[in-house]
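A short write-up of the structure that comes next.
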Amino acid sequence: MALQFQLNQTTPQTVTTDCVIVGIYADKTLSPTAKTLDAASGGRITALTARGDLTGKSGTSALLHDLNGVTAPRVLVVGLGEADKFGAGQYIKAVGDAVRALKDAPVTHALLTLSELPVKDRNAAWNIHQAVIAADHAAYRYTATLGTSRKKAEESGLITLAIHGQETSGLTLGQAIAEGVEYARALGNLPPNICTPAYLAETTAHFAATHPGATCEILDESNMEALGMGALLAVARGSANRPHLIVLKWNGGGDARPYVLVGKGITFDTGGVNLKTQGGIEEMKYDMCGGAAVIGTFVAAVKVRLPLNLIVIVPAVENAIDGNAYRPSDVITSMSGKTIEVGNTDAEGRLILCDALTYAERFKPEALIDVATLTGACMIALGRAATGLMTHHDDLANELLTAGEHVHDRAWRLPLWDEYQNLLDSTFADVYNIGGRWGGAITAGCFLSRFTEGQRWAHLDIAGSASNEGKRGMATGRPVGLLTQWLVDRC
């Protein structure tokens, strides 16, 4: 259940709400509203601070009850950490900490006043839209496949978060991005027996059909065969769940050239003949998170009605294994006409993407971005904090990096030097689909670059940033924030 958001300018000590959220720094300095409530309550917050109950350390919080002079029955005091280090990341964490602290409290409506805090190089509108994104992310609960009683328990709690401020533009953008992120997370978290290629196609088609200005075209196997998508169809051969190519369009920019996003949509990746093993295969439902992210970005763009043209392409495929599955040493012909020698069937993402990228050329993109959980090598290099970015275009790299920094959905650029290209040489085809042990994220990007010649193109490898690790890990919805901000910056 998504949070509901509103702006509120009522005096915090008299506002009607279940809880007012304030902050305290590690040096015991109170946020402006905390100072106001402290004065109204006769110094109660200061007294608790002096007693050591409120430390101000990041990650800590305390729920205070029935302060004298304060109408709200509860005040949540959130630790902000060191004041001189309080930046975008610390602000986002504090908002998330506040929402998580209220998870089990009998609070359905709260007023967040952390939006009043000064954040370096940010303004009031940013504070509000980032608070919306962070709060919605923290409040997210997966319930799609839970039983009735557990689903009811998970859906209880905070319903409405009022944010202190008046920047309506920040609220509108924040809600759009939050909805796009949540849409992507919901798709990514579904089990693969539900989120099949057909389900992904049906879900996105329904969204487009219910939002004026958006359209959706679904290409089936026969359409792809007619187009010569031999690489994509080779990956799909081993699965009973047939492939679909999803093409979403938002026409908000008249006759202008469109921005095109392509997202890897492997709804489950067994590895194929090069079968994955336990310790990795159980998380392969997340291999469609690139597709989910570009769909989520489309949702955000439609919700905020961006004045540009946007096309989203998702090759939705399951990489499974049967007697008809493609094999190592097969040579397949891509839509571009280039032949590809298969060195490993678990390097399937680049095969479905190369045909989707070739298909994208027909739209004459202003810029072409692909998003994929493409390589474990990228996760080894960058961990889960940063998305890997590769492009030959410095201006495009700077645009994407700047957008990511602005919304704290950050990326890090990796090289696409010519010296890596010869690692993809093949004796039997135009290109080999793997590049050896070293620089795997880069050679995967180099492979895709061979199918984007002449395009203003960038590749985002989200293998690390798309999901959290472990039994309780979930899809993150990244990089919906980065991509949406990048599109907003183009308007």
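Heads up, the Cβ atoms here are built off N, Cα and C, so glycines get one too.
Fair warning: this is a prediction, and the values are worked out from it, not measured in the lab.
Binding of Mn(2+) 1 is attributed by Swiss-Prot to Asp346, Glu348, and within the candidate set Asp269, Asp418, Asp425 the record adds Asp269 to that site. Binding of Mn(2+) 2 is attributed by Swiss-Prot to Lys264, Asp269, Glu348, and within the candidate set Asp255, Asp287, Asp355 the record adds Asp287 to that site. One way to see the shell of the Mn(2+) 2 site is to take the Cβ centroid of Lys264, Asp269, Asp287, Glu348; the remaining same-chain residues with a Cβ within 8 Å of it are Ile266, Met284, Met288, Val317, Asn319, Gly349, Ile352, Ala372, Thr373. Here the candidates are the recorded positions Lys264, Asp287, Asp346, Glu348, Arg350, and by Cα distance the one nearest Lys276 (active site) turns out to be Asp346. The sparsest Cβ neighbourhood within 10 Å, among the listed binding-site residues (Asp287, Asp346), is found at Asp346.
Sorting the recorded positions Lys264, Lys276 by the number of other Cβ atoms within 10 Å puts Lys264 first. Shown in sequence order, Lys276, Ile281, Met284, Asp287, Asn319, Asp346, Glu348, Gly349 are the residues of the chain, 6+ apart in sequence, with a C-beta less than 8 angstroms from the C-beta of Asp269 (Mn(2+) 2 binding site). In this structure the C-alpha atoms belonging to Lys264 (Mn(2+) 2 binding site) and Arg350 (active site) are separated by 8 Å.
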